[in-house]
Amino acid sequence: MDTKCFDLQFHDETNRQQIIKPDEIDLTNENKVLISKLSIDQRILNGIKGSLFGLAIGDALGAHVEFRPQTYLKENPVKDLQGGGTWGLEKGQFTDDTSMAICLAISLIVCQDFIPYDQLVRYKWWYRHGYMSSTGQCFDIGTATRQSIQEFESRQKKFAQENQIDLDEIDQLSENKELLDKFNVNCSNDGVAGNGALMRLSPVPLFFYQNPSKAIEYSGISAKITHGDKKAIDCCRYYA
């Protein structure tokens, strides 16, 4: 499968100002053929699609009232997709919840495995460049997630220096298993909680639906790399 379409790409690779957004990704004909030939039970495939579509649609439904008080919600119940509101989004645009879930899903597809380092790289791309954002920018990010990504960047720089790796190549560390095993991907601390790990989680149990024990184990690890609190980790394991 040609996965280059899921790399960090810009409309102008020289200035790298305008990122290619999710709806602008051009799947190759090869990938379209491979997708059409997936040998998976249609009922299961529909469930996977429903979970991911439901995540994005639910996120977009609530985006314009995010952080609004309960009194406001009672007076202005959410009944359909709307624009404006908290983030000034267009109708149907999603927030960080869906962007991070897409980053996680793409990592699983590209790596064909659960590789936390690659997941963190894509979260970093989202944070710094708007990768997989509906607007092309990271306009909303939780404190725990931001701090973990910044810690990851700091560790990348230190690791690159210690192992004589060019900074332009450090994001591809997943391709070198020997070095990858030496990198500590747990970029959060004990007691750091929040819902940021749970909101993005669904791709993990969906990808490992045939192996429930792995789905549970990896769901916990998925949380731990950005949210070190045991409750946050256990919630993700329980959800899976």
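Every residue, even glycine, has its Cβ placed from backbone N, Cα and C.
According to TrEMBL:
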BINDING   THR95, ASP96, ASP97  Mg(2+) binding site
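In sequence order, ASP59, ALA63, PHE94, THR98, SER99, MET100, ASP140, MET199 are the residues of the same chain, not among THR95, ASP96, ASP97, whose CB sits within 8 A of the CB centroid for the Mg(2+) site.
With a 10 A radius on its CB, ASP96 (Mg(2+) binding site) counts 26 other CB atoms from all the protein chains.
Non-local neighbourhood of ASP97 (Mg(2+) binding site): LEU55, ASP59, MET199, ARG200, each in the same chain, at least six residues away, with C-beta under 8 Å from its C-beta. DSSP assigns THR95 (Mg(2+) binding site) to coil in the three-state reduction, placing it in neither a helix nor a strand. Sequence-distant neighbours of THR95 (Mg(2+) binding site) (same chain, 6+ apart, CB under 8 A from its CB) are ASP59, ALA60, ALA63, GLU66, TRP87, LEU89, SER134, PHE139, ASP140.
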